[in-house]
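Student: Below you'll find the structure I mean.
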Amino acid sequence: MRSPIPDYLDEILDKHRPDRSGANADYIPALASADPEKLAIAISTLDGVEYTSGDSEFAFSIQSMSKPFVYGMALERLGLPAVLDTVGVEPTGEAFNELSLDKASGKPLNPMINAGAIAVHALLGPRGASAAERAEIVRAGLSEFAGRDLRIDASVAESERAGAYRNVAIANMLRSYDIVADDPDEAVNGYIDQCSILVTVADLALMAATLAGGGINPRTGHRVLSPRVNRQVLGVMMTCGMYDVAGDWMTEVGVPAKSGVSGGVFGVLPGQVGIAAYSPRLDGHGSSVRGTRIFRTLSDDMGLHIMEAPEPARSIIRRDRRFVDEDGEMVRICSLQGLIQWSGAENVLRTMDAPESSTTVFILDLRRVYSINDVARRLFTEALARMEGDGVRVMLMDPENLLACAGPDSPLPGLERIDSLRHLKGLKRIRNAVAAPIR
Ligand code: GLU
């Protein structure tokens, strides 16, 4: 069978190719002269598979799409409090190059606008670092997300630098508030190099997939961001990534995303995929016209909107059976399945809680469970401990140690673990003792 996905991507590009509205960014000559007909899309899955269509090997400058990744790098290096002291996380609803600073503190409102991005860039490297030093830190860091060595296009940087009056003004303003502690010119120059790093849509999709995968690059397997920092980056992208159309984007497309004035845009569907599109003509908000439309189509066709409420999970209680063994013990075996998060754990606890004084042995069977998140693990551990406290003999079938009960440091060190029901002699099923239906 030939997968229909590549054909679907070709179709999306064909659908939007005739749209020639918008115009290349004109304030950076290297972007103004880019071929406006270029069109590309890439999707990267969390197991490292890539689907592309169109000019997917064409390299363009990353521009503002660098901002979330560099924000993540700064958070990893300096920690959340230090970065929050420098740049806030509030959407501005204003254009990317607006001088949106908090009136009292002078703090940029978020790291996705230029003011915030320049301030974040200036946090990298040692005090007094040069533009070249910081640019190299960023280049190396972004390469980790892309899984290959990226490079800075010096001609794009020069072209932007020649007319960077506004960004120079922003950096000087930040310096006056002590938000940028070093030479503002070095900060702007380093930031411009950051924006001039070349990527393809395939690179961007993989970088997005790294964020989708909780900070682990699906191709290299390297952890690039910690889960907490990754979450912070996605949260800021979701609320501030699309400048003055963040609300429209969030309601219509519903994927945390970031666009850049080169015409690229990437989106992250947590736990699922990274997506990137490229087409240089921009709308009045500085985002790619065709890129935006491609994302709208993808979101509708593939049901990517993050606020689309998932179908209520099928019961994770596969079976809840009662037996009596040859010694007359009342044995209850509760077999679970699938992925267990808070709501699933609550469901199980409610069942375990059903008044049933007759149970003397309780077996929690996790053999068909493939994942338990942290909160569910803590709820189960607590519930099992309470059951033991109530005098019930508790046994666990957990071959992959999902509850992390093994070892001396476990919260339930004494819990009996069994690998099959063969240990229990002469079990006789009690047919009429059916658990309350679980929804
Ligand atoms: N280098 C560009 C600037 O600072 C990036 C802007 C963008 O991509 O939105 O003006």
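Just so you know, glycine gets a Cβ as well, placed from its N, Cα and C.
Whatever TrEMBL says is automated annotation, not expert-curated.
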Student: Pick from Glu57, Glu160: which one does TrEMBL list with Ser64, Asn114, Asn167, Tyr191, Tyr243, Val261 for the same substrate site?
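Tutor: Answer per TrEMBL: Glu160.
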Student: Select, from Ser64, Asn114, Tyr243, Val261, each of the binding-site residues with a Cβ positioned under 6 A from at least one atom of ligand 1; if none does, say none.
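Tutor: Result: Ser64, Asn114, Val261.
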Student: Restricting to the same chain and to sequence separations of six or more, state which residues have a Cβ under 8 Å from that of Glu160 (substrate binding site).
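Tutor: Same-chain residues close to Glu160 (substrate binding site) (Cβ under 8 Å, separated by 6 or more) are Ile28, Ala30, Ile192, Cys195, Ser196.
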Student: Using only the residues recorded as binding substrate (Ser64, Asn114, Glu160, Asn167, Tyr191, Tyr243, Val261), report the maximum Cα-Cα distance in Å, whole number please.
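Tutor: Overall maximum Cα spacing for these binding residues reaches 21 Å.
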Student: Using DSSP with the three-state reduction, classify Asn114 (substrate binding site) as helix, strand or coil.
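Tutor: Asn114 (substrate binding site) sits in a helix per DSSP.
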